[in-house]
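Features as listed in TrEMBL:
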BINDING   Thr47, Ser48, His49, Tyr50, Gln51, Asp91, Asn140, Gln185, Trp300, Gln301, Leu302, Leu310, Trp332  cyanocob(III)alamin binding site
DISULFID  Cys60-Cys102  disulfide bond
DOMAIN    254-330  domain 'Transcobalamin-like C-terminal'
Amino acid sequence: TGRLALYLLGLQATCPPPSPHRSLVTWLKYYLEEDWTGSRRHGHPLTSHYQYGLGVLALCVHHKRVREEVIRRLLTAQHHGRLGHGGNTVDTEAVVALAFTCLEQRRLVGTGLAAELRAAAHKASRSMAEAQGPDGIIGNIYSTPWALQVFLATGTCQTEPAFGQAMAALLENLEAFGTTATMAQVLPVLHGRSYLDIASMQCQEEPDTLTPLDIEPPTEVPGNKTVQLVVECPLPWCYDLRLYDRPVPVPAAASLLDVLQAAAALEPHDFRFHTQDTLQGPFLTQVLGLEARQEKRNYWQLLTAPNTPLQMGIADYRPQDGETLILRLSEW
């Protein structure tokens, strides 16, 4: 659902002829109905509220109506605080708020529901402002562009102090946005736009200025480093708080993912992990046989000692020599 939604958003932004993607829009409506079935049976979508919200947003940008029942699933989830954990909460709340704002502004719902959606979007905007840290980041560095898109789409960017602080933090951390998916989230914000602006683009006025770019491979960093890798499970049902605590030697340019792979190669019986591929890169789902599951409301939190959450994913974060990295199974 999420991949198709993002593809359709990107496709619409390239001003294509209308015919090639009509069937894809129909497929997206089908997947949303399938997700709604999952929500009815299990209390949450078969994918996630994030992907579900992206699907509604993409349909709205394509000027397609969505059944009220489908929309109310998102309203109910927001009302009961079921939209995620940590930085993921900001991501999901932002996507849902953008979908609500699009439906209301494009007049694809009735007057009564439009008022509810407007109120819910502004509630999400206030929630994001309250979630802002002293460094200006909202949630984490990757969720900050989503929050900024909401401020822009709802018009609160002019009056919300959090907007300027978050934008300053974003400009200081642009090197973190190295994948296509993260670039796609941050570029509209840098131009004062949100994904909602795709719906009102005047395609005949769009110049064809796209040119290929030769990207140089990253330079190799000589030498090695040692990272202390710690796995913690503070939850009541774990037999011990600290499940793993070992130094792991790796090349100097190694990422956290490289550290995990090196630990697994050093001690295949003592350390094992699994990841899930996402548009933002690999996502840590299981460590030492302990699986993070949405229905159990837990996740693997990434920290640098003593207690600082990482602002990057496992493939992007590159620890320093002697740094202690903590993988902590946490609840939300």
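Backbone N, Cα and C atoms are what each Cβ position is placed from, and that goes for glycine too.
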Requested in this report: List only the single closest residue to Cys102 (disulfide bond), chosen from the binding-site residues Thr47, His49, Asn140, Leu302 by CA-CA distance.
Outcome: His49
Requested in this report: Take every residue in the domain 'Transcobalamin-like C-terminal' (254-330), average their pLDDT values, and give the whole-number result.
Outcome: 86
Report summary line: CB neighbours within 10 A of Leu302 (cyanocob(III)alamin binding site), counting all protein chains shown, number 21
Query raised in the report: Over all shown protein chains, what is the count of other CB atoms within 10 A of the CB belonging to Asn140 (cyanocob(III)alamin binding site)?
Result: 20
Query raised in the report: By DSSP, what is the split of the domain 'Transcobalamin-like C-terminal' (254-330) into helix, strand and coil residues?
Result: 14 helix, 31 strand, 32 coil
Report summary line: Cα of Cys60 (disulfide bond) to Cα of Gln51 (cyanocob(III)alamin binding site), in Å and rounded, measures 14
Query - Cβ neighbours within the same chain of Gln51 (cyanocob(III)alamin binding site) - under 8 Å, at least six residues apart - result: Thr1, Gly2, Ala5, Asp35, Pro45
